[in-house]
2 protein chains.
Amino acid sequence: MADNIYVVGHKSPDTDSVTSAITYANLKNQLGMKDVVPAAAGEINNETKYVLEYFKIAPPVVLNDATDKKVILVDHNEVGQAVDNIMKADILEIIDHHKIGDIQTGKPIFFHNEPVGATGTIIASMYELNGVAISKEMAGLMMAAILSDTVLFKSPTCTDKDKATVEKLSKICGEDPQKFGMEMLKAKSDIKSKTAKDILFGDFKKFDFSGVKAGVGQIEVMDLADLAPKREEILAEMRKALESEKLDMIVLMLTDVIKEASDLLFVGTAAAKEGFEKAFGGKVTNNSIYKEKVLSRKKQVIPPLESAFKK
Amino acid sequence: MADNIYVVGHKSPDTDSVTSAITYANLKNQLGMKDVVPAAAGEINNETKYVLEYFKIAPPVVLNDATDKKVILVDHNEVGQAVDNIMKADILEIIDHHKIGDIQTGKPIFFHNEPVGATGTIIASMYELNGVAISKEMAGLMMAAILSDTVLFKSPTCTDKDKATVEKLSKICGEDPQKFGMEMLKAKSDIKSKTAKDILFGDFKKFDFSGVKAGVGQIEVMDLADLAPKREEILAEMRKALESEKLDMIVLMLTDVIKEASDLLFVGTAAAKEGFEKAFGGKVTNNSIYKEKVLSRKKQVIPPLESAFKK
């Protein structure tokens, strides 16, 4: 296994990270690079499990340490979100759709970042560019990635290219996007079986806002009321994580995908709270600020936080 | 002009930086974005002047400060190489072929980096991808960029894609690549009219090697003997620049494009000298280390320096 090239997404892997690793490794395999294998930077979540089982694809190996490994990064380009010791790895390529982060390389590499709704959209176009046919299974995985990351096209990160790509992919895999997407979201938002810790860390990313160390998580549900009974437990978990992860603040987006709004739970220092309130133009009440129309961490939560803390 | 979008390359602009700004702005214009204009991050050099005059293209405006400007970066992705105050600009896109540097953005942007010999190669393929016809003039500029950056295909950074692209472009512009390339190199290596300062800063880039602040310049000539009379003057200029630019070391590659070798002039601290000698496996003699087959700063000088200073 020493000479394998691992395609791997971010920690707290979501469906786009995991399926992008699988589909991009598949593309490389089709192009003759047989030593490229998919990996996940942690345990896969319920939604992704549902997707992989639906299309009968085995979950990828888990990669916990990148030291001396050859890797291709998908769906992230920040050291804090990557597998441990990523700067001791040989990074061969990066395919992403986020803001440009802090990963640096010692030599020129292929790095393609595009402001679309999902990495899956970019990978689908790379199959096309390379003239490689997309199998039913790979089409299903990429469609799932796009539907998941754009919350069924509702997120402001969603572009026309994402929609057009899903249309093409749905024809190949034979699944109706809306129907499949709702089933997938249901699998994701099955929170009864989840602990407060699962909820906090299920989709959790670290950021550095001009020196302010932050963690920003997100959980999407069909109805915020489902989360109400666990609210105090989740806040306690957030306060614990502040200390254990050495952070200045943690925001957890409780996102109602039907009402299209997010309740932004906050814990952190007084200075961080000030920045958080500035970012979202409100006062923290009962540990949160409720924001209509906020669905996207990447487009609606990270940029205002970046600006608020900019020196 | 306030709402223009400037396409701009690195400081100490070379032919690839300047022509990439012009050709990418042209592509955007063809695609209907009329407010995109090319710019240069400093005075253009003799080689680039020759190229622009040959194809009858006006030199771009000079952009000295990026504060509050909308910019598209070509041919670089490091803050230290960019127009002043680049982090106060709104960076819309990056097209490059170097190692991944330290530029970060607050929102997702289009960033395409590909390990090919020149940015011109990438831009030529973007015309194709977008189905935009390449004019004679634009073909000439992109061909010049590739021939310049790959030193007429001799640099180890040169890929098959660069060669194939030049073949296509030469048919469009009607110029023989070898013949045109030699004329261009002659224009570049006309060093008689150059001061020691011109020679040092004509193609000079700053780097940070694990905290060691370095400047690495390059001048390409047809015969190293032409530079011999100016050697002491150049070294004096390098020592002066160490202080004025607050650097720990400066390397100037005196590159003989015919013999395919570089004399690496060095000035710097004792610690930096140790790292430099480690990087190139030799002792500094008469202020330099001579290396056969070394033509590329990016591929043969920066990576060994990065490794040598890595903590």
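Cβ atoms are placed via backbone N, Cα and C, with glycine included.
Computed from a predicted structure; not experimentally measured.
Under the DSSP three-state reduction, B:Asp14 (Mn(2+) 1 binding site) is assigned to coil, being neither helix nor strand. Positions annotated as Mn(2+) 1 binding site by Swiss-Prot: B:His10, B:Asp14, B:Asp75.
Residues or ranges marked as Mn(2+) 2 binding site in Swiss-Prot (evidence: similarity to another entry): B:Asp16, B:Asp75, B:His97, B:Asp149. Within the same chain, residues at least six positions away from B:Asp149 (Mn(2+) 2 binding site) with a Cβ under 8 Å of its Cβ are B:Asp14, B:Thr15, B:Asp16, B:Gly117, B:Ala118, B:Thr119, B:Gly120, B:Ser155, B:Thr157.
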B:Asp16, B:Asp75, B:His97, B:Asp149 excluded, remaining Cβ within 8 Å of their centroid (Mn(2+) 2): B:Asp14, B:Ser17, B:Ser20, B:Val74, B:Asp96, B:His98, B:Gly117, B:Ala118, B:Thr119, B:Gly120, B:Ala145
Integer Cα-Cα distance in angstrom, B:Asp75 (Mn(2+) 1 binding site) to B:His97 (Mn(2+) 2 binding site): 6
Residues flanking the Mn(2+) 1 site, with Cβ no more than 8 Å from the Cβ centroid of B:His10, B:Asp14, B:Asp75 and excluding those residues themselves: B:Gly9, B:Ser12, B:Pro13, B:Asp16, B:Ser17, B:Val18, B:Ser20, B:Val74, B:His76, B:Gln81, B:Thr119
List of the binding-site residues B:His10, B:Asp75, B:His97, B:Asp149 facing chain A, defined by a Cβ pair under 8 Å: B:His97
